[in-house]
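**Student:** Quick one: structure below, then a few questions.
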Amino acid sequence: MSFSVEVLAGIAIELQRGIGHQDRFQRLITTLRQVLACDASALLRYESRQFIPLAIDGLAQDVLGRRFTLEGHPRLEAIARAGDVVRFPADSDLPDPYDGLIPGQESLKVHACVGLPLFAGQNLIGALTLDAMTPEQFEVFSDEELRLVAALAAGALSNALLIEQLESQNMLPGSSGVFEPIKETHMIGLSPAMTQLKKEIEIVAGSDLNVLIGGETGTGKELVAKAIHQGSPRAVNPLVYLNCAALPESVAESELFGHVKGAFTGAISNRSGKFEMADNGTLFLDEIGELSLALQAKLLRVLQYGDIQRVGDDRSLRVDVRVLAATNRDLREEVLAGRFRADLFHRLSVFPLFVPPLRERGDDVVLLAGYFCEQCRLRLGLSRVVLSPGARRHLLNYGWPGNVRELEHAIHRAVVLARATRAGDEVVLEEQHFALSEDVLPAPSAESFLALPACRNLRESTENFQREMIRQALAQNNHNWAASARALETDVANLHRLAKRLGLKD
């Protein structure tokens, strides 16, 4: 069997029929799998010494979420280095990255593999991988025929990446015009909710508008901020991060605007604040709703006039900073309650974005699980970490109140448990390895909350009571210290000091 002109023409026609790049990629690998009668095919994009799956056929869905580093996958490294068709014999010593990831064949290892590196000029932009359980499956196809397939795939991928680059406004005035692959943002997901979010990010990234990013705790608001910065003209300058919830009131102004020597006790030298550090770049203010009203007023002035004053200095400094802010609060309600300035809210929310909770993202759960499985595999030096069909169903049926962060922790914990019960360096995650509960923050009973040991003196009893109150407040507020301080009706700086004295933090 060999490729006829009709077969190659059919592949080219399928590429043109697709609606959008993703559809074309899927048509390409599905057609190739049919033509070559193989068990699995995948189109991968190359970036920063790793391969990122764009489309798959015949492989487990979580493959789309995995990131295959060259260091962790010697076969893919061989493909990247070869510059031509690479055939791996059935008895190859190099492990296949898809072992255990072909549905229905989880316990079997791939026997035949062909790798086709894809180039745009001299630049490696991706690879096409073809796998079969039959050792001699690809012997009937010549290298020249496979090179023709690679050329078709490379053309489709190169055009798609170039168009994506132009649409994202990464080809800015004054740039060299040379093709450069877009950086990976780790925003994994193909659900309608995530697709819409990515489109909105592309729209706003190239502008200079301030952006307010909303969403529940653990949804990935910081990744959204990174994607906006990365797609903006400011990407060559720094993205500076500040968690407003972790700022004691006494140092918050200095952290934001800097201070001069002698401004206060301990100010032994001049110090730049976050706004100065982010000059000509982007400042990401996480948990913006935790700022005091006094600091909100000073932040508003910077947004209005573009100048700052260091603490202890009468002079103003001009800064050119784009502000991205994130919160898990409903700032409209905070405005109505008098805890957030309405004028600052309107300044920040010129282009609001909402990061969907994981429970609304459908099969993205499996893609993200694949990503975290691959991370664990590399970190623990395992040959493979895969999800059983039962584990996939279990993850899809769970509500994920803690969102992506909870999923990450659940995968890491499951890998450790599975590794402890299985010899060797291959881990299969089963349903029983996940101890998932919708009651992430159980309400304590009055008895357990107020119970004190009977044999304590007054001081020890008081400290135990304080310790328990702080623990409960942190649990009920997602370990947010500022929110816990409000719940306990105390200053956040005092809460930090008390927690340290009680041994609750270092």
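Glycine is treated like the rest: Cβ placed from N, Cα and C.
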**Student:** In Swiss-Prot, which of the ranges 241-260, 281-300, 481-500 has the DNA-binding region annotation?
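**Tutor:** That would be 481-500, per the DNA-binding region entry in Swiss-Prot.
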**Student:** Near the DNA-binding region (481-500), which residues from the same chain, at least 6 beyond its ends, have a CB less than 8 A from one of its CBs?
**Tutor:** 244-246, 248-250, 287, 290, 466, 469-470, 473-474, 506
**Student:** For the C-alpha pair, I'd like the distance in angstrom between G218 (ATP binding site) and D57 (4-aspartylphosphate), rounded off.
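**Tutor:** Cα-Cα, rounded: 31 Å.
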**Student:** Express the predicted model's confidence over the DNA-binding region (481-500) as a mean pLDDT, rounded to an integer.
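**Tutor:** Averaging the confidence scores along the DNA-binding region (481-500) gives 82.
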**Student:** Looking only at C-alpha atoms, tell me how far K221 (ATP binding site) is from D57 (4-aspartylphosphate), rounded to the nearest Å.
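**Tutor:** Computed Cα spacing between K221 (ATP binding site) and D57 (4-aspartylphosphate) is 31 Å.
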**Student:** Express the distance between the Cα positions of L285 (ATP binding site) and D57 (4-aspartylphosphate) as a whole number of Å.
**Tutor:** 41
